[in-house]
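> Can you keep this structure in mind? I'll have questions shortly.
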């Protein structure tokens, strides 16, 4: 052994220098003047810790990190995150508590994101603690933070009760609930907000008895807070409590609060209720939904504030799924009919996205009778966003009433939108065409829509032309190569001799895209010759796009069925383009030639 | 020895260049004064975009302040899109509730609001690290020779850093900012709109009031000031150039165009003149700290409103009777001066400024008008006499001439005016901006 020692260190010295030098640099960079270097060093703390070994990490690195508390927020954020997964570097769970020191300080800084991350990391570390460690190290920390002078540490404390609760002895649990209740009654709204946010997590941890005895009063208190911003957070807690309680218990304990929240003076609270209506309804159970919430929901749908109606509209299908068809027709539908002509376009847009979800619930006949007229009205809405939303959700309706009926009633509207002034609307229509086509069938499509598809190729907006070429490809996938060869390719080829160079360009793009889905014969007989013809175009833009097009086509042109096309005509064309007077054309031709090698 | 003696108000301190007013640098003119919520700190902003902080001098008895720190809050900018110069002048300063050892305040110029953090920063320098020798010998390091950088304390300084910059939300000039009691939001008002911000979110604000007519030719009024209710987080008020104050409730709707209360006094048609509208424009509104009363200032008067009575103010106090001079004041633009008003911590007294560096302190019932002058005379008086009795005598003597001068409006110096003032939240100490000087007066 005595001999072995120098032997052992020797290789270390010849082998490790390479390994240790970067570590030395990283260590120095932890305190570099440049923030980005510090940030980078903190991101690699794991590497540093590995190199230092667990003992030095515990005794030197972690205390050192704690001193960095006055650094930039982004560095602190990274530090808070890294420390969350640092347990293995300090020697495993048995030593995990040494990490609490820097994290406790990070949990008290003023920047919210840093604090939140520190709390997240603290919760994460707490999961590996033994009950002894929790008691000895974690709980004192929670207490210190909870009684901190500044609200910043107290808000952080709110998030630390739930993670360890179920691993504590009953006596400590009592204490924890007490501590948490103090935070719920804090003077500072910020702390009460944090407490209200974390209340739902606590609810999931405590026993039902304690929930009713201890947390319910806290919940009631917060739900009547002076600050809107606190009250609105209790909606989440209400859902959490309702999930634990049985339906009759919910009714006893929550009904009044729920009523208050639904009719709160502040629209922000009602907004929160509206947004979570389905979740809340599911949590409290069928009976309360029938007895209480249908009417409450109707109120929310008719709220005076547009923001609330917008949120309420998102819940229409979800909530309707919880009640029977008659109730939908009787209660929800009249509101929906009003909302279709709501004064706020945001409400109508939200409605347009969600209204189609009613179709499966109402069934075919009701959809035809009640919903179709509404769809038509939304399709004709003055706001493009509304039209857009309804179009993109029509597939749901299609499943219920069938394409025949849908196309009969909606096709005129769709055709009208296909020529809408707003290009985004046209774009949305194009994106839905392949879907419509697959349902409509070939004949119907050829008759009604194919002209439209060709028309888009000549659209004034590039995005539309681009989408139109992609559309052709998708249509070919739907209807097959023969159909494409017969109907669209001839029309595209026709465009290649159009006077306007933009049309010729579109041809080029369309052909390149179509080449990916058609048979080699079509490529060889129809596509390649046309592209070659375009290589003599007077506009350089077209010529270099020919080169680019060939570059993209190379993999296809290599297929054996295409014989000598690549090495013959195509290479010849590219060679010619490579001597083009225009520098861009030469550049792309050169690239294509390299690809063709 | 009359009023002053009983009231006990006396000059305490004066900061700034004490030379003649004639050669004041424009950038040094103070444009905002504000105590923090404890009264231990005082901030001023000036036309040069600087913010200066003063700290309570614990060493002295009485309420004295000393310089704490100074920083450049705003720089002059140019809006290339609209071809407009944006002045660096600080329009308003508002302190945020303290959340740790640092101080936070909002400062704004015409367009951009900034959240500043002011804190004691310990500057540390790296004394020792791995590669400092510069040879960077790759082979030098072993696991054991690696060391953590060693830092030594170098210096402590007071640093001010902009934590958030809330920009691009105002098309017109920002006239007010106000922090909400919920601790997380604040409002900012310009001529036509009021926006609501979250202190933590700099790139997003919500419009809560918009009085911009579709057609700008139909524009008849602008927003002149806005403030949150000190206790109720949903309520705020804003005043207009038409002399109205509107109270709005954010709970009712996202956009508060529908006010909850409208405080307005019917104008006597007999007094109507070319200047009526200009002089009825409200230049500042403040809540008392309990939120029960509203104090508003227009060109000639100070009004106290009971929040429960919209029809008329409970008190109207004539500050200076300049009705005969309005033509001249219009000519020299003084009629557009925006006098602020401020309320004492207990809500019992109100303060507002006038010309010739006079300012008035009234009790809320409009009786007991105390007139003081934030002028070099006060400053010299203190210097000349021993602290014990002479100031009272001087001020007392001054009062006679003051009354005369106030009656004789022709003698007023319209170049000297007290526009900005702030009242210590817990004590009877007031801070006033007189051109480039900051004056502190206190009641002993």
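Cβ atoms here come from the backbone N, Cα and C positions, even for glycine.
Heads up, TrEMBL stuff is auto-annotated, nobody curated it.
Pulled the feature table from TrEMBL, pasting it below:
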- A:22-60: repeat 'HEAT' (REPEAT)
- A:61-97: repeat 'HEAT' (REPEAT)
- A:215-253: repeat 'HEAT' (REPEAT)
- A:254-292: repeat 'HEAT' (REPEAT)
- A:293-331: repeat 'HEAT' (REPEAT)
- A:332-370: repeat 'HEAT' (REPEAT)
- A:371-409: repeat 'HEAT' (REPEAT)
- A:410-448: repeat 'HEAT' (REPEAT)
- A:488-526: repeat 'HEAT' (REPEAT)
- A:527-565: repeat 'HEAT' (REPEAT)
> So if I exclude everything within five residues of the ends of the repeat 'HEAT' (A:293-331), which remaining residues of that chain have a CB under 8 angstroms from its CBs? That is, six or more out.
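Contacts with the repeat 'HEAT' (A:293-331): 258-259, 262-263, 267, 270-271, 273-275, 277-278, 280-282, 284, 286, 338-339, 342-344, 346-347, 349-351, 353-355, 357-358, 361-363, 366, 370.
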> Can you tell me the mean pLDDT for the repeat 'HEAT' (A:371-409)?
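Across the residues of the repeat 'HEAT' (A:371-409) the model's pLDDT averages 80 on the 0 to 100 scale.
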> In terms of Cβ proximity under 8 Å, which residues at least six beyond the ends of the repeat 'HEAT' (A:527-565) contact it?
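Same-chain residues near the repeat 'HEAT' (A:527-565) but 6 or more away: 493, 496, 501, 504-505, 507-509, 511-512, 514-516, 518, 520-521, 573-574, 576-577, 580, 582, 584-585, 587-589, 591-592, 595-596.
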> Against which stretches of its own chain does the repeat 'HEAT' (A:215-253) lie, if we need a Cβ under 8 Å and a gap of at least six residues from its ends?
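Same-chain residues near the repeat 'HEAT' (A:215-253) but 6 or more away: 177, 180-181, 184-185, 189, 192-193, 195-197, 199-204, 206, 208, 260-261, 264, 266, 268-269, 271-273, 276, 279-280, 283-288.
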> Taking DSSP states H, G and I as helix and E and B as strand, how many residues of the repeat 'HEAT' (A:527-565) are helix, strand and coil?
29 helix, 0 strand, 10 coil
